[in-house]
Amino acid sequence: MGKANNNRKNTSYQCFLQKVTWICSLGGLLFGYDTGVINGALPFMKKELELNEFTIGLITSSLLIGAALGAFICGKLSDRIGRKRTLIILSVIFIIGTIGSSVMPSFRSMLPFRLLLGIAVGGASAVVPVFVAELSPAKRRGQLVTQNELMIVTGQLLAYIINAILGNVWSDHVWIWRGMMLLAVVPSVGLLLGLLFAGVPESPRWLASQGRHEQALDALRKSRKTEMDAMAELEEVQKTARDDEQLKLMDVMREPWLRRCLFIGIGVAMCNQLAGVNSIMYYGTNILIEHGLMTNVALTANIANGAISVLATVLGMFLLGRIGRRPMLLSGQLGTVLAHVAIGTCSLVMEKGKTRAFVVLSLTVTFLLFQQCGISPITWLMQSEMFPLRIRGLAMGLSTSILWMVNCVLTFGFPIVVSWVGMTATFYTFALIGCCAMLFVFLFMPETRRKTLEELERQFQSEDIKALKKPGGSGNFKAVSDVRAVVERNE
């Protein structure tokens, strides 16, 4: 009977974790769809709104400007009012921004709604990984947080598929881009309803930081295997929350170990964007057209980029439970550097036409295999894992905001730079930047595998570089916490 009860409890807590993660990850789906849909919408928007290279870059990057602002504001806001409430506000902004961007009659009237939509995208990118990480047990944190990355690339794949279907069936109607964008209302409403009515709790770590320990314990009971697990983890969270106080950015800069955390987090975020992934995700269709394909063929062919992103992310989730964060990220960076060199060389030596276009497509697929398996999942996971509780919202917001700023600069500049220096020089430059990013990761990035969030904080605080670069033990820390909890209760 006891064994049957344990099995039921085990199934119950796992189902609860999956339900909460899927609901929160709708924010990731919207992130992916809203950033991916522009890829296929641009050829039609260009005709209806009479866009040039500058205004194309502005429409695409306006969402990213909003995202940089949203990530920073919502990171701080989530520290103040909680992760769940912040996501509820963001889901409403998603709905308003999506509808406004889809129905506005001109380029100028659309821009404010693209900025608003960007605030929601950036806010979700900063809050969702932290929320899921703070709800997850240490052993499952990597896979559950990376589920958000899976939803991001799934959203991009859905956008590419819908773009291809609508763009081929209604290719004579230049307004079809409005339908492509408007469909994002569906998951926006799903996110709002899920947060309000599906029993999603607030982050136990945020609750503990506010002194609401009973509510924190209730949240942990639902998301941990046993009562002992929940009690032991609450004890560790309470200890960290007692020692910590919420800090401002200037306070962080005065503390060397906190400054180091922030520096590494920002560096990892920048490495992700400087790999050039979003130049392919946003302009993939245009890249294929530039290399020799017709618009309708390029729209369909671009689905391959979305499909490989999903498959690679699933592979990355599988590998996260078996390989450390550092080797995964370094391997991904090496693969993307080689792919950039190959794309640049192909553009240099091959004649423009279908053959070159499909060779470039195969190389962008190869690039995305390494990017979405090794770089992107680790980036978002590291952002959610490595910052101490007292600066988690602030630091996550700041590093994610800088990620979006770099994304914005690259996205705005990519079509302009390509028109100036060509594809070859552009992709060779990406390869050179990728080599510098590999050196940064090798020298500075910690290994967070199999470590609790509190254990990581102690290692950063003690500046134990050797321990930071090694994976944690397989349960030793947990056992110590259990013993200490029992002893203190007996006392």
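The backbone N, Cα and C atoms fix where each Cβ goes, glycine too.
Note: TrEMBL annotation is automatic and uncurated.
Predicted, not measured: the structure shown is a model, and the values here were computed from it.
The following features are taken from TrEMBL:
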type	residues	note
DOMAIN	20-449	domain 'Major facilitator superfamily (MFS) profile'
TRANSMEM	20-42	transmembrane segment
TRANSMEM	54-75	transmembrane segment
TRANSMEM	87-107	transmembrane segment
TRANSMEM	113-138	transmembrane segment
TRANSMEM	150-170	transmembrane segment
TRANSMEM	176-200	transmembrane segment
TRANSMEM	261-283	transmembrane segment
TRANSMEM	303-321	transmembrane segment
TRANSMEM	328-350	transmembrane segment
TRANSMEM	356-381	transmembrane segment
TRANSMEM	402-421	transmembrane segment
TRANSMEM	427-445	transmembrane segment
Same-chain residue ranges lying at least 6 outside the transmembrane segment (328-350) that approach it to Cβ under 8 Å: 268, 271, 275-277, 291, 316, 319-320, 356, 359-360, 363-364, 366-367, 369-371, 373-375, 377-379, 422-428, 430-431, 434-435, 437-438, 441-442, 445
Distal contacts, the transmembrane segment (427-445) - CB-CB under 8 A, six or more residues away: 263-264, 267-268, 270-271, 274-276, 279, 325-326, 329-330, 333-334, 336-338, 340-341, 343-344, 347, 382
In contact by Cβ distance (the transmembrane segment (150-170), the transmembrane segment (303-321); 3 or more pairs under 8 Å): yes
Cβ contacts the transmembrane segment (176-200)/the transmembrane segment (261-283), at least three under 8 Å, sequence gap 6 or more: no
Rounded mean pLDDT for the residues that make up the domain 'Major facilitator superfamily (MFS) profile' (20-449): 85
Selected stretch (most C-beta pairs under 8 A with the transmembrane segment (20-42)) from 113-138, 150-170, 402-421: 150-170
Surrounding residues of the transmembrane segment (261-283) on its own chain - C-beta under 8 Å, 6+ positions past either end: 35-36, 38-39, 60, 156, 252-253, 305, 309, 329, 333, 336, 340, 364, 367-368, 371, 375-376, 378-379, 382-383, 386-388, 391, 395-396, 398-400, 402-403, 406-407, 410-411, 414-415, 427, 430, 433-434, 437, 440-441, 444-446, 460
Chain residues in Cβ proximity to the transmembrane segment (113-138) (below 8 Å; excluding those fewer than six residues from its ends, i.e. six or more beyond): 17, 20-21, 24-25, 27-28, 30-31, 34-35, 59, 62-75, 77-78, 83-84, 86-87, 90-91, 93-94, 96-101, 104, 144-145, 147-148, 201, 203-206, 219, 223-225, 229, 233, 380-381, 383-385, 392-393, 396-397, 400-401, 403-404, 450-453, 472, 477-478
